[in-house]
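Notes follow once the structure below has been shown.
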């Protein structure tokens with residue numbers, strides 16, 4: 001494999017990395033996809049202000065997760081580098097969690113339906129993740145473990161991957177994750193056209209991505225392993241899967257409760273309709289009886 005296109009441009013001594021440029025493009029594209037999906041809804045007018053806060057929350061979450069969850073053994077020994085985000089080092093899982101916190105707060109503040117808003121955002125989010133993960137290849141700092149054979153990615157000198165494993169072929173975990181994200185995007189787009197109950201598109205996104213990430217982490221070679229020989233990414237996705245299951249149970253309960261309430265209201269409506277018909281019938285009978293009595297009286301006269 002030749003040299004990676006890691007550095008995009010250098011301005012006044014500051015180097016802009018290609019990965020960062022592609023990530024910005026991914027955010028803009030995801031923003032556009034989200035706008036198209038929610039066109040004509042109340043959420044469309046909120047996107048401009050929401051995306052501003054969401055990006056800030058995602059950056060904070062991405063750096064926090066990278067430092068304190070993924071690479072704390074290193075940063076605990078080098079605390080001066082914690083805020084040096086320009087040197088690289090962010091976590092997509094942290095970005096998702098940071099953006100999710102912003103979405104919860106924003107939805108509550110503006111009295112928006114969180115689940116419906118999240119449904120519109122989910123396809124755009126996974127598309128941005130797919131492009132962003134593909135861009136990791138340009139940086140060479142997200143990589144797999146040695147394959148033990150001739151198959152795999154061979155990174156050039158100067159990359160983090162080479163400093164770990166030299167010229168050994170590595171599992172293309174980042175490429176497979178990007179491809180998997182594109183597949184999830186296609187699934188969500190198809191399901192979005194089927195008018196599922198509120199929250200289910202977001203839930204399906206959460207489960208599919210978390211499961212995929214958990215499995216691919218077994219092939220990663222850039223993350224330290226902890227309890228049960230699992231990476232921080234696996235422990236994070238383990239808990240997100242648990243959260244998704246609980247969310248699914250809540251949505252099912254909520255859906256059944258709404259269906260039950262609708263059934264009760266429908267029955268009440270039917271009873272009221274029958275009662276009104278019965279009352280009307282009684283009134284008609286009374287009127288008819290009255291007419292008959294009047295006729296009888298006239299006959300007697």
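Each Cβ is built from the backbone N, Cα and C atoms, and glycine gets one as well.
TrEMBL lists 20-38, 50-72, 84-106, 199-216, 236-253 with the feature transmembrane segment. According to TrEMBL, the compositional bias 'Basic and acidic residues' annotation covers 271-286. Annotated region 'Disordered' per TrEMBL: 271-301, in sequence order.
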Cβ-Cβ under 8 Å with the transmembrane segment (84-106): same-chain residues at least 6 beyond its ends: 17, 19, 46, 50, 53-54, 56-67, 69-71, 112, 114, 117-118, 121, 125, 129, 132-133, 139, 141, 213, 233, 236-237, 240
Same-chain residue ranges lying at least 6 outside the transmembrane segment (236-253) that approach it to Cβ under 8 Å: 65, 69, 93, 115, 197, 199-200, 203, 206-207, 210-211, 213-214, 217, 230
